[in-house]
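Asker: Quick one: the structure is below, and I'll ask about it shortly.
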Amino acid sequence: MAQRRKPPSIKGDSRAFDPDFKGPIAKRGCTDVLCCMVFILFITGYIILGLIAWVHGDPRRVAYPTDSKGHFCGQKGTPNENKSILFYFNLLSCTSPSVMINLQCPTTQICVSKCPEKFLTYLEIQLPFKRDKHSWEYYSQFCKSPIFHSAKSLSEIVMDDECPAAIFPSKPFLRRCFPDFSTKNGTLTVGNKTTFEDGKGHIRNAVELRAAAKNINKVLDAKAIGVKVFEDYATSWYWILIGLTIAMLLSWLFLLLLRFIAGFLFWIFVLGVLGIIGYGIWHCYQQYRNLQERPNSHLTIYDLGIQTDISMYLQLKQTWFAFMVILSILEVLVILLLIFLRDRIRISIALLKEGSKAIGYVPTTLIYPVFTFFLLSICICYWAVIAVYLATSGTPIYKVITPEGKCKYENRTCDPDIFNTTEMSRACPGAQCNFAFYGGNSLYYQYISTFQIFNLFIFLWLINFVIALGQCALAGAFASYYWALRKPDDIPPYPLFTAFGRAIRYHTGSLAFGSLLLALIQMFRIALEYLDKRIKDNQNNIAKFLQHCLKCCFWCLEKVVKFLNRNAYVMIAIYGKNFCRSAKDAFDLLIRNILKVAVLDKVTDFVLVLGKILVSGCIGVLAFLLFTQRISIIIEGPTSLNYYWVPLLTIIAGSYLVAHGFFSVYAMCIDTIFICFLEDLERNDGSTEKPYYMNRSLMKIMKVKSTQSTKQ
C-alpha cells in the first residue's frame with residue numbers, strides 16, 4: 001500500500017485541503033508583474049527595432065550582387081535591370097592577401113547580362129584582319145561601357161580600368177561569374193584547357209584560377225553539391241509534402257489508438273522500431289558484402305580524403321560497416337532497456353491509457369500544436385527579416401584597394417567619382433576605389449552588431465515563451481479533467497480555451513520569467529560556440545578542456561531548467577502562484593516522491609520516443625523504397641534525383657518533428673496527471689470527507705488504496 005503523507009499544514013497555503021476545490025483556481029491575480037512589464041518593454045523595443053531596421057535596411061542588397069560603384073545588378077528600373085550577374089575584370093588578383101582582410105577582391109566588378117563563354121584577350125581583338133568580325137562587339141559587353149572599337153593600348157586600357165585584359169569561359173553561381181571548372185582525366189581544367197593566357201603576356205593554369213575563386217567565395221567547393229541538392233528539392237518537393245502529411249495523419253491515428261489499445265500499440269511501437277533497425281542492419285550488410293567483391297574494396301575513408309561528392313563515401317565498404325555497427329549497438333540498447341524496464345513499462349502503458357482518456361475528453365488539445373507551430377513560424381520569420389534588414393542597413397562605403405596590398409592608403413575611405421584626381425590615386429599606382437560594404441557614421445550604424453545580438457536574444461526569449469504558453473495552457477486543460485470529481489460531468493466547458501485565457505491574462509509575467517531563464521542559458525551556449533570557432537586554432541589543451549566542461553555544464557543546466565519550468569507551469573496552471581513559488585512547490589513535491597518520478601517520468605518518455613521513431617521510421621522506409629525505385633511497380637517516384645538521401649533525410653527529420661509536435665501533447669498530459677496525482681495523494685486520503693479525485697483505474701495503476709476500502 002502506498003504511504004500517505006499528511007497534507008501540508010502551512011497557514012495560508014492554497015495547497016491545503018479545500019472541500020470546494022474543483023480544479024484549477026478561477027479566482028487568481030496577476031503574477032510576476034514586474035517581469036511582465038519588462039517583457040512588454042522588450043517586445044515594444046523589438047517592434048521599434050524592426051521599424052528602424054525596415055527604414056534603414058534594404059534586402060535587395062542580399063538578393064542582388066553589387067558592382068564596384070555600389071549599384072545593384074538586376075534591379076528593376078535601373079540601367080542594370082537586364083544585367084543580373086556580377087563579372088570580375090581580373091579574377092586572378094583575388095589571390096591577394098587583402099581579400100581576406102577587406103573581404104573584397106581588388107579588381108573592378110561590373111554587372112553583365114551573361115558570363116563569357118570562350119577564351120579571348122584584349123590583344124587578340126586588336127589584331128588586324130581578324131576572322132571573327134564580331135569579336136570586339138562580343139568583348140565590349142564585358143567593359144564598363146559599350147565601346148565599338150578602341151585604339152588604346154593594353155596598358156592604357158588596364159590603367160584606365162575600362163575593359164578586362166582577358167576573359168575565359170565562366171558560369172553564373174550565386175549571381176556571379178565563376179570559371180567553368182571541370183576535371184579531365186584527373187586534371188583540373190577551365191573551358192577544357194589546363195593553361196591559358198591572362199592577356200598580359202603570361203601563361204596561367206586552372207589551379208591558379210581556382211585559388212583566386214576560392215578566396216572570393218568559400219562555398220565554391222560546395223558548388224556541385226549545392227546545385228544538385230537544389231535540383232533534388234525542386235524535383236521532389238511534392239513528395240516531401242506528401243510524406244509529412246502522412247506523418248501527421250499517422251501521428252494523429254496513433255494518439256487516437258492509444259486510448260483503446262495502448263498496450264498492443266506499445267508492442268507495435270517496439271517491434272516496429274526493432275524491425276526498422278533490423279532492416280537497416282540487413283541493408284548495410286548487403287551493401288558491405290557487395291562492395292567487398294569489388295576491385296577497390298581495400299580503399300578507406302582516409303585514402304579517399306575530403307570529397308565534396310558525398311556519394312563517393314557510400315562506395316566504401318568501411319562506411320557501410322560503420323553504419324551497421326551503429327545500428328547494431330542501437331538495437332541491443334533498445335532490447336536491454338525493454339528487459340530491465342519491463343515492470344515500469346507496464347505502469348507507463350496504463351498511465352498512457354489514462355492520458356488517452358483525458359485527451360478524449362479534451363480533444364481540442366490535439367489541434368493546439370498547429371497553433372504553436374503558427375506562433376513559432378511568426379517568431380522565426382520576424383527574427384530572420386530583422387536580421388536581414390540590419391545586415392543591409394547603411395549607405396555604400398568605398399575603400400581604397402590595391403592588388404598587392406602595399407599602399408599607405410590601403411583600406412581608406414574614398415569617393416569613386418573623384419578618386420582618379422586625388423593624392424591616393426597618384427601615390428598608389430593600380431589602386432582602385434571600390435565598393436566595400438554598407439554602413440555609416442551615425443550612432444545607429446555603430447551599434448548594428450549590438451542590435452543583432454538583441455535580435456537574437458529576444459528571438460530566443462519569444463520562442464521559449466511560446467513553448468511555455470503552450471505547456472501552461474495544456475496543463476490547465478488536463479488539470480481541469482483530473483480535478484473533476486465526476487468525469488466527465490464536472491469538467492468545465494472549453495477547458496483549453498479557459499486555461500489559455502488564464503495563462504495570458506494572469507501569468508504572462510511568470511511565463512516570461514521562466515522563458516527568460518532559458519533564453520539566458522541558451523545565449524551563453526551560443527556565445528561559447530562562437531568563441532570556440534573564433535579562437536579554435538589558438539587554444540591549448542587546457543583551454544579546450546575547460547571550454548568543453550563549460551559546454552557540458554550549460555547543456556545540463558538547460559535540461560534541468562527545462563524540467564523544472566515544465567513542472568512549474570503545471571503548478572501555475574493549477575494554483576495561479578508566481579513562478580518562483582510554483583517552481584519551489586513543484587520541486588518539493590517531486591523530491592518527496594522521487595521514487596515515483598524515477599519510475600514514471602523517463603520510462604513514459606521512452607515509450608513516446610519509440611512512437612516518434614516508429615512514425616519517422618515508417619515514413620523513412622517508404623520514402624527510401626520510393627526514391628530508390630524499389631517499389632516502381634506499385635508507384636513510380638522521381639527518377640532524376642542526384643542524391644536520393646536529400647529528400648529522404650528531409651522527410652525523416654520533418655516526420656520526426658511532426659510526430660514530436662503531436663506526442664508533446666501526450667507528454668504534457670501525462671506530466672500534468674502525474675503532478676495532480678501526487679497532489680491528490682498529499683491533499684486527500686480517500687475517505688468520504690477527503691475523497692481522491694483520481695478514478696479507480698488510476699488508483700489501480702499506482703497501487704493506491706483509499707481509507708474507506710482499507711477499513712472494509
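The backbone N, Cα and C atoms fix where each Cβ goes, glycine too.
Got these off TrEMBL a minute ago, pasting:
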type     : residues : note
TRANSMEM : 33-55    : transmembrane segment
TRANSMEM : 237-258  : transmembrane segment
TRANSMEM : 264-285  : transmembrane segment
TRANSMEM : 320-341  : transmembrane segment
TRANSMEM : 366-391  : transmembrane segment
TRANSMEM : 456-484  : transmembrane segment
TRANSMEM : 504-528  : transmembrane segment
TRANSMEM : 606-628  : transmembrane segment
TRANSMEM : 648-678  : transmembrane segment
Asker: Using a cut-off of under 8 Å between C-beta atoms, tell me which stretch among 33-55, 237-258, 504-528 contacts the transmembrane segment (264-285) the most.
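Answerer: Ranking 33-55, 237-258, 504-528 by Cβ pairs under 8 Å to the transmembrane segment (264-285) puts 237-258 first.
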Asker: Answer with yes or no whether the transmembrane segment (320-341) touches the transmembrane segment (456-484) by the criterion of at least three Cβ pairs under 8 A, sequence separation 6 or more.
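Answerer: Not in contact, no.
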Asker: Which residues, given as numbers and ranges, are at least 6 beyond the ends of the transmembrane segment (33-55) yet have a Cβ under 8 Å from it?
Answerer: 382, 385-386, 389-390, 393, 444, 451, 454-455, 458, 461-462, 465, 508-510, 512-513, 516, 579
Asker: Taking the transmembrane segment (648-678) as the first stretch and the transmembrane segment (237-258) as the second, find out whether 3 or more Cβ pairs fall under 8 Å, excluding pairs closer than 6 in sequence.
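Answerer: Yes, the transmembrane segment (648-678) and the transmembrane segment (237-258) are in contact.
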Asker: Which residues, given as numbers and ranges, are at least 6 beyond the ends of the transmembrane segment (237-258) yet have a Cβ under 8 Å from it?
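Answerer: Tertiary neighbours of the transmembrane segment (237-258) are 265, 352-353, 355-356, 359, 366, 611, 614-616, 618-619, 622-623, 626-627, 637-638, 647, 650-651, 654-655, 658-659, 661-663, 665-666.
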Asker: Who are the long-range neighbours of the transmembrane segment (366-391) in its own chain, taking Cβ under 8 Å and residues 6 or more past its ends?
Answerer: 49-50, 53-54, 56-59, 62, 252, 255, 359, 448, 451-452, 455-456, 458-459, 462-463, 466-467, 469-470, 473-474, 496, 661-662, 664-665
